[in-house]
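The next block holds one structure in the form of structure tokens; read it before the comments.
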Amino acid sequence: MDTRYRYLAIGLTAMLFNSTYQYSWNAYEPLIIRQLKMTFVQGSIAFTLFVIFSTTSQVITGYFVDVYGPKIIGTMASILMGSGLILSSLAPNVYFFYVTWSIGGVGVGILFNLSLNLAVKWFEKNRGLAVGITSMGYGLGGAIFNPFILALGNFREAMLIIGVIGLLLVTTLFFTVSFPSQLRGTPPTRVITESKFWLIYTSFGIIAAPLLLYSSSLSLFTGNTSLTYLVAITVLPVANALGRPVIGYLSDKLGRRLGILLINIGMLTGVLLLLAGLYVEIPLYTVLSVIIVGIMGGGTLSVYMAFVGDLYGPKFSASNTSILYTGKAVSALLGSLIFSLIYSYSVSLSLEFIVFAVTISLLITLIVGLTPSMRNR
């Protein structure tokens, strides 16, 4: 097997286990709230902490990944990811859970960056598709693990089993990876001085919010025992997984600008469908909304990360993409914490807030333009 494709498979495998922290949260959260006697806001804090730690860990380690390669850092990150699940399964209270879930988040963030950059650095052509295939595991893992978690009905058993398997398997795989040599690119110290980069950052930070909202809080709109809820949390990771390579491939062929525009329009449509579904009480609207947001949310990562690799080169891609990915912390504040606070006052107003945020991202895309006028940029 071509070394590049083997590394792509390793990145995909790591993403499968990473995904349980985010795309299994809808399955975990009701169980955790019941067993640890959390409130909804406390649950939102746990999810927000994961997002913050998983994003900031990428920035801190991104440069070291570029300089020293993926083997040692990837092995350490795999241990943190698996241990976070194992320790969280033993949590006696919400505060212990905050600590262990955050530890796992650090490992997830580093592994996420490593896995994506195996694709960015090894695949100069078809970079959007390669990033999409690797990151597909981040959505697909939820589809694999969620039915298992729901069948067990106990977050402790589920986290322990998934954590042990992930710890052993992913740690072993990362002993075998490396990056190509003689790469070129723009260092992050120059990238962060460009206004264009911060426009990309702003758009990415906002447009990722709906997916984070759907990943953490679907039960608010469907109830956690309804058929719609069961269908939605199963469909979301599948749609998300499919959207990553599909939208990534389309951006390779049509250009990043059209890919970004498609994502923004799709996200706005999806959130409006969910809002409409609440007013007319048609479950199909909710399911369609989940499918659209899942697909476009998956494509967001593929297109934006591939674009940064295109624009600034692969040599420092781990550093540059990790800086961009901190925009997800902004998404967490919008789509989880701030949303939950507004939701406490008004359900419809909380969704209208998300609609407003996505509209801002769309306007940035339409008015300013985020990419150079090149076919594959």
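From the backbone N, Cα and C atoms, a Cβ is placed for every residue, glycine too.
Those TrEMBL annotations? Automatic predictions, nothing curated.
Quick look at what TrEMBL lists:
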type: DOMAIN; residues: 4-375; note: domain 'Major facilitator superfamily (MFS) profile'
type: TRANSMEM; residues: 45-65; note: transmembrane segment
type: TRANSMEM; residues: 72-90; note: transmembrane segment
type: TRANSMEM; residues: 96-116; note: transmembrane segment
type: TRANSMEM; residues: 128-152; note: transmembrane segment
type: TRANSMEM; residues: 158-177; note: transmembrane segment
type: TRANSMEM; residues: 198-221; note: transmembrane segment
type: TRANSMEM; residues: 227-247; note: transmembrane segment
type: TRANSMEM; residues: 259-280; note: transmembrane segment
type: TRANSMEM; residues: 286-308; note: transmembrane segment
type: TRANSMEM; residues: 329-347; note: transmembrane segment
type: TRANSMEM; residues: 353-371; note: transmembrane segment
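Summarising model confidence by region, the domain 'Major facilitator superfamily (MFS) profile' (4-375) averages a pLDDT of 88. Counting Cβ pairs under 8 Å that are 6 or more residues apart, the transmembrane segment (286-308) and the transmembrane segment (259-280) reach 3 or more and are in contact. Here the transmembrane segment (198-221) does not lie next to the transmembrane segment (128-152) in space: the count of CB pairs under 8 Å, restricted to residues six or more apart, is fewer than 3. Taking Cβ pairs closer than 8 Å, the transmembrane segment (329-347) reaches residues 40-41, 44-45, 47-48, 51-52, 55-56, 205-206, 208-213, 216-217, 220-221, 278, 353-354, 357 in its own chain, all 6 or more past its ends. Among the recorded stretches 45-65, 128-152, 158-177, 227-247, the one sharing the largest number of Cβ pairs closer than 8 Å with the transmembrane segment (96-116) is 45-65. Across 45-65, 158-177, 227-247, stretch 227-247 shows the highest tally of CB pairs under 8 A with the transmembrane segment (128-152). Distant neighbours of the transmembrane segment (158-177): 7, 10, 13-14, 17, 20, 28, 70-71, 74-75, 77-79, 81-86, 88-90, 111, 114, 118, 145, 148-149, 152; these residues of the same chain sit at least 6 beyond its ends, with a Cβ under 8 Å from one of its Cβ atoms.
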